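Below you'll find the structure, written out as structure tokens, and then a few comments.
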Ligand SMILES: Nc1ncnc2c1ncn2[C@@H]1O[C@H](COP(=O)(O)OS(=O)(=O)O)[C@@H](OP(=O)(O)O)[C@H]1O
Ligand SMILES: Nc1ncnc2c1ncn2[C@@H]1O[C@H](COP(=O)(O)OP(=O)(O)O)[C@@H](O)[C@H]1O
């Protein structure tokens, strides 16, 4: 049976709205991960996508309550979030994950989980330099570290392993929030996801 042309184009238009994907925004504290995630979430929702933001702080309050910032705890945190993200994305949700995920092997395990189920996975490095992040210091963590009230801060006295081949690198220090979110939206469009 020949499907009428109008129905086919309708189908194509619907697919990118109903196809799930995980978009992981990795980067230092105050890099802009959360801000870009919520800006993108608003745009995608307006276009009819199902969207969830798995905010690092919220996750640490609930499903990762009790975990700290050791290498092992960060790995466990990232794997739990990766599990949830894959579950949501596999079921049609655009799942945005603004979580530091400082270790390459943790991120790789999450990518592999998505690959195994054929679920789209996009890694975005919000590559704001530490000097800019510490100037922004949204939560006052850099000041606390400098004052000796906190140690093990990612990018300062704790490791951050930069992604070598992210799907997108955002230099937020040279862009407005809208421009950064638009760059990510453009990538999703290119991949047939938005
Ligand atoms: N020591 C140390 N290092 C890094 N970050 C710290 C630390 N202590 C608290 N915080 C705050 O914890 C927020 C959530 O961290 P994440 O769950 O994204 O980190 S991780 O992926 O498990 O490493 C993270 O949120 P963002 O600022 O949004 O990145 C930090 O504000
Ligand atoms: N292009 C940009 N993208 C994202 N955030 C930006 C940008 N330019 C300036 N900012 C500012 O940087 C800060 C980033 O904070 P936040 O999103 O909480 O970072 P993170 O989630 O990485 O810790 C916000 O105050 C935001 O307004």
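Each residue's number is its place along the chain shown, starting with 1.
Positions of Cβ are set from backbone N, Cα and C atoms, glycine also.
Because TrEMBL annotations are produced automatically, they should be read as predictions rather than curated entries.
As recorded in TrEMBL, the features of this protein are as follows:
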- 27, 28, 29, 30, 31, 32, 33, 34: ATP binding site (BINDING)
- 20-170: domain 'APS kinase' (DOMAIN)
Count, for each of the binding-site residues 27, 29, 32, the other C-beta atoms lying within 10 angstroms of its own C-beta, and report the residue with the smallest count. 29
Going by a 10 angstroms cut-off between Cβ atoms, which of the binding-site residues 30, 34 has the sparsest surroundings? 34
Quick one: which of the binding-site residues (28, 29, 31, 32) have their CB closer than 6 Å to ligand 2? 29, 31, 32
CB < 6 Å to ligand 1, subset of binding-site residues 27, 28, 29, 31, 32, 34, seq order -> 29, 34
Looking at the binding-site residues 28, 31, which one has the fewest other Cβ atoms within 10 Å of its own Cβ? 28
In the chain carrying residue 33 (ATP binding site), residues 6 or more apart in sequence that have Cβ under 8 angstroms from it: 25, 26, 27, 98, 99, 100, 126
Looking at the domain 'APS kinase' (20-170) alone, can you tell me the average pLDDT? 98
With a radius of 8 angstroms around the mean position of the C-beta atoms of 27, 28, 29, 30, 31, 32, 33, 34, what other residues of the same chain does the ATP site pick up? 25, 98, 100, 126, 128, 133
